[in-house]
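These features come from TrEMBL:
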type	residues	note
DISULFID	Cys140-Cys322	disulfide bond
DOMAIN	139-395	domain 'Olfactomedin-like'
SIGNAL	1-20	signal peptide
Amino acid sequence: MVALQVHFWLAASLVSSVAAAQSLLQDAALLSYIDRRFLALERRLEKCNQDLLEHVEEFREFSKALLSRLAGLKAGKAELRGQVETLLSRVERAQRDIDYLGSTTASNACLEVHQDLLEQQLLEEAEEKKRIKLMLNASCDHVLAGIRSLKVVKKTGGKHGSWMKDPGRKHAKIYLLSGSVNNVVWEFANIMAFMESNQTLKAGRVPLPLPWEGTGHVIHQGFLFYHRHGSLNEIIKFHIHRRSIADQMLLPGAGRIPAYQLSPQTKIDLAVDEQGLWALHAEPETGGNIVITKINPAAMAVEHSWDSPCSSQGAEAAFMACNTLHVVYNSPSGGSSRIQCVYDVLGAPGAPLKPGLHFPKRQGGHSSVHYNPKERQLFAWGDGSQIVYKLHTEQKA
């Protein structure tokens, strides 16, 4: 029994000794790992200290170089200041000499210079007028003397719209643009096809990529010119045959107020006469008077502008004929339309219009009035009716 107890005690002591030995080995390994980590940290700190010392040395060298440069700039600044002061003194002396010479010069020399400038200005103005006359060809030899008759060709569409021919083409096509905002142009082979009862069956449909605004569009040399809807003053040049936009331009000053008080839907009214393409609009700066602009249709650029004396108040439409603006007035309720203001951009006298040139046999208003220089007729849109007015002209005095 005693031997058995001794055996158990020895076994327990042996197990305890083995466990203690294992614990010591683990502690030794941990201490070795910690020692290695400390050595690595010491090496890193030593490297950081070395790098810091190198950066400090580089900064010292840079500071020395910068101080040397600043010293050189300071010396250069002092030298430059001395040169500037010398130059100022020389300028002051020269100014005193000039003042002395000016005081001894006769005053009539200044008068001669002013006279030369005035003559030069007058010469330039004369050259500008000559250039404008050449630009407009000055070939118009007639003035509007009366409106002979009217013909209601058809009644279609709403209150606003415009219809026209292309005076620059030999064909007899009719173009219909219904509404003050739309993007579809109807093209008819001739006036007879347009007058048919079911017109859309014989009409070509020309869709526009961008809609128009107002009723002031024109067709000239195969292109449709119109004010783009949603823009202040952008004019689109649309190629009818190719069904594509050819060009566009902005008309300075236009689009802020209606061109005519009685046609508020139209901000820019385009027109064609014997001299080409024009644009009519009103501006607040002119007191609401109509501004005339000659446009180069090929370059889509402004050639010249004139402020006319014709007011947009009480006006419903206007047209250009032979370089001359003709403004159509009416009453707000729609009465007898009349041309009450004309303005020739070349300064030639117009036909006498007292008390006014009335449109014949019709009561109501016009949404648009366009002049056809080839036929010398007006194509008008009045309360949904498409109307032709024949004109009577006389030779200019």
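A Cβ is built for glycine as well, from the same backbone N, Cα and C atoms used for every other residue.
Bear in mind that TrEMBL entries carry predicted annotations, made automatically and left uncurated.
Since we're looking at a predicted model, the values are computed, not measured.
Counting other C-beta atoms within 10 Å of each candidate's C-beta, the disulfide-bonded residues Cys140, Cys322 are led by Cys322. In the predicted structure, the domain 'Olfactomedin-like' (139-395) carries a mean pLDDT of 92.
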